[in-house]
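Noted in Swiss-Prot for the protein shown:
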- 1-15: signal peptide (SIGNAL)
- Asn81: N-linked glycosylation site (CARBOHYD)
- Asn111: N-linked glycosylation site (CARBOHYD)
- Asn154: N-linked glycosylation site (CARBOHYD)
- Asn219: N-linked glycosylation site (CARBOHYD)
- Ser613: active site, charge relay system (ACT_SITE)
- Asp690: active site, charge relay system (ACT_SITE)
- His725: active site, charge relay system (ACT_SITE)
Amino acid sequence: MKLLSLLMLAGIAQAIVPPREPRSPTGGGNKLLTYKECVPRATISPRSTSLAWINSEEDGRYISQSDDGALILQNIVTNTNKTLVAADKVPKGYYDYWFKPDLSAVLWATNYTKQYRHSYFANYFILDIKKGSLTPLAQDQAGDIQYAQWSPMNNSIAYVRXNDLYIWNNGKTKRITENGGPDIFNGVPDWVYEEEIFGDRFALWFSPDGEYLAYLRFNETGVPTYTIPYYKNKQKIAPAYPRELEIRYPKVSAKNPTVQFHLLNIASSQETTIPVTAFPENDLVIGEVAWLSSGHDSVAYRAFNRVQDREKIVSVKVESKESKVIRERDGTDGWIDNLLSMSYIGNVNGKEYYVDISDASGWAHIYLYPVDGGKEIALTKGEWEVVAILKVDTKKKLIYFTSTKYHSTTRHVYSVSYDTKVMTPLVNDKEAAYYTASFSAKGGYYILSYQGPNVPYQELYSTKDSKKPLKTITSNDALLEKLKEYKLPKVSFFEIKLPSGETLNVKQRLPPNFNPHKKYPVLFTPYGGPGAQEVSQAWNSLDFKSYITSDPELEYVTWTVDNRGTGYKGRKFRSAVAKRLGFLEAQDQVFAAKEVLKNRWADKDHIGIWGXSYGGFLTAKTLETDSGVFTFGISTAPVSDFRLYDSMYTERYMKTVELNADGYSETAVHKVDGFKNLKGHYLIQHGTGDDNVHFQNAAVLSNTLMNGGVTADKLTTQWFTDSDHGIRYDMDSTYQYKQLSKMVYDQKQRRPESPPMHQWSKRVLAALFGERAEE
């Protein structure tokens with residue numbers, strides 16, 4: 001797979017050139033990727049190893065599982081190992097496990113039942129490794145525990161059941177809260193906080209010394225309820241009356257859940273409500289909680305106003321219960337992302353600091369902030385962005401992180417000293433590549449993961465020497481050999497420049513047997529949401545996009561374009577879409593389509609666009625422009641009107657309806673001419689059990705188009721019974737991708753001009769579809 005292909009863009013594009021390396025998947029064989037190899041998920045894909053590092057006196061230790069299921073304590077450097085849990089002590093059918101910090105016990109989750117994107121219910125058991133005894137966390141548990149977590153320093157477990165918080169300690173359980181129920185959540189988030197704020201299933205945090213627990217309480221009283229019917233409900237025979245799931249789901253401008261901040265003394269079970277005054281109760285979102293001490297002296301929370309364009313970091317002194325705003329920011333030029341990146345680092349030149357990422361300068365960078373408030377210290381700077389903090393080594397005074405310093409599509413690993421501010425690459429940062437790393441508990445070792453664009457691999461390094469690996473962890477040599485049997489799509493990365501001066505990143509896939517003298521259909525595949533990124537130097541998944549590029553009967557060229565509003569190109573580029581989602585993004589997709597048509601090989605009669613979720617919304621908004629460039633489109637699980645989506649996501653970018661009524665009206669898909677004038681077809685796909693983007697969006701969109709005069713030969717709506725946002729219920733994804741494949745095949749076969757019809761056929765079509773049949 002040459003990573004620079006025949007662009008033939010006549011100077012309109014600037015290539016992003018990765019180096020040629022021996023591990024580049026150049027193919028060289030004659031096999032073409034098949035449908036079954038790519039759909040519904042890629043079967044030819046790289047392997048990777050994820051280690052559960054253990055914090056112990058000896059660095060570089062981790063837990064692995066042997067072939068027979070036993071849990072092994074291994075030292076990655078010395079290759080020594082010790083069996084901690086024999087195979088016959090491992091519960092059958094377990095879902096996950098967590099070791100007690102001193103390795104004397106294991107907490108097991110069994111009887112897994114999925115709830116939302118991250119949350120689930122389960123039974124939990126504690127295995128005493130020395131005694132070999134297995135004890136239920138709760139004697140009467142019935143697969144109903146929502147979350148459980150070991151304390152970092154003692155024998156305690158905090159867990160949540162029926163939305164109430166409990167503390168287990170050496171076999172004894174203390175119920176901490178008594179008010180948990182359908183509308184009150186203690187220590188776990190409700191739906192909207194799980195989905196849009198934390199991206200996780202817990203809302204409790206032990207202090208580093210294990211003596212205190214900070215947790216949040218959410219109150220959904222008054223939050224409107226959305227009802228989702230489940231027609232089959234996983235039954236062989238559908239119930240006469242569908243099961244109805246009622247979710248407190250705050251839509252735009254509706255009442256949000258309120259949130260309270262609490263502290264619990266583990267030893268005394270004394271619980272304290274800390275007043276939150278950063279913003280009024282109905283204008284408050286708590287986005288992050290972090291302990292700002294090595295013991296339990298200070299804890300902080302990140303507070304946003306409702307529309308998340310103002311931020312306050314509030315420190316709470318645990319003993320006095322006093323609160324203080326130690327940092328605040330006005331981000332009304334756009335929005336403020338919740339990066340969940342606060343981390344205590346301790347004393348620096350006589351003052352206590354924590355580290356955080358902020359894009360207040362216009363670019364996301366690492367700063368040191370005084371725990372008690374005061375002027376920040378910038379550790380990184382420049383017109384590039386820090387993506388994530390990987391590890392803080394307080395002994396060496398180093399922060400390890402990934403960034404886009406080379407290019408917005410790349411990731412390289414660096415360290416920066418918060419003593420000297422010297423920044424050091426741990427990889428070759430002069431190549432177009434995509435790296436991340438996983439550091440051992442004490443930071444002495446790390447697994448470097450090269451993730452693309454060539455065949456991924458993983459190597460072990462010592463932080464004392466980033467030049468020479470200690471060993472290879474995952475080679476993917478078998479994948480490299482297998483790829484030699486194939487002719488693969490030709491992938492290239494480049495930029496196109498907008499008339500306004502911004503550049504857009506593009507990922508292009510050309511058919512394996514590409515001939516510049518032939519005509520090819522083109523499919524655009526955007527996501528395009530705020531802060532997202534699709535165009536990156538990460539491994540090119542051999543998925544549906546690669547399939548439609550490879551199949552000789554399809555041979556689509558695909559373009560993935562990251563429009564304005566997407567991530568890692570600075571705050572100005574991101575914030576351009578604020579208060580008008582779908583407007584600039586659609587303009588950029590249209591501009592890119594006009595650019596692709598400057599290539600002689602691009603077939604102007606067969607230019608499609610397909611996206612899922614926000615990409616489905618963007619597909620509809622792009623067709624709505626009536627540009628005449630796109631000839632067909634597919635929206636999978638789309639938002640069609642952001643007034644129908646949840647408040648905490650939408651208002652971050654659009655504000656409330658009261659503040660931006662005209663913006664919401666324009667953002668909704670409401671103009672039908674672009675759909676009526678399509679040369680080809682428009683397909684909508686949606687799961688009826690989608691708890692994220694409700695099926696209501698597809699129903700409203702379909703109705704808007706039908707009532708607006710879009711004829712039946714132009715529009716198909718496909719629902720998937722009981723499927724969620726990922727369309728996975730009852731093999732629905734299999735049907736979904738077959739339908740997608742048929743759609744792109746039919747559109748390629750569609751002729752620009754309809755064949756002559758008998759007068760009788762014309763009369764029938766005129767009666768069915770209106771005047772268009774007479775054209």
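Using N, Cα and C of the backbone, Cβ positions are placed for all residues, glycine too.
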Item checked: Helix, strand or coil at Asn219 (N-linked glycosylation site) [DSSP, three-state] -> strand
Note to self: Measuring Cα to Cα, how far is Asp690 (active site, charge relay system) from Asn81 (N-linked glycosylation site) in Å?
What the structure shows: 45
Item checked: Residues that sit under 8 angstroms from Asn111 (N-linked glycosylation site) by C-beta distance, when 6+ apart in the chain -> Gly93, Tyr95, Phe121, Ala122, Asn123, Gly143
Margin query: To see if you understand the setup: which same-chain residues, six or more apart in sequence, place their Cβ under 8 Å from that of His725 (active site, charge relay system)?
Written below: Ser613, Ala637, Gly687, Asp690, Asp691, Asn692, Val693
Next item on the list: Give the sequence-ordered list of residues that share a chain with Asn154 (N-linked glycosylation site), lie 6 or more positions from it, and have CB atoms under 8 Å from its CB.
Entry: Asn169, Gly210, Ile266
Margin query: Give me the long-range Cβ neighbours of Asn81 (N-linked glycosylation site): same chain, 6+ apart, Cβ under 8 Å, in sequence order.
Written below: Ser64, Ile72, Leu73, Gln74, Asn75
Notebook entry, point to check: Can you tell which of Asn219, Ser613 has the most other C-beta atoms within 10 Å, given these are the recorded positions?
Noted result: Ser613
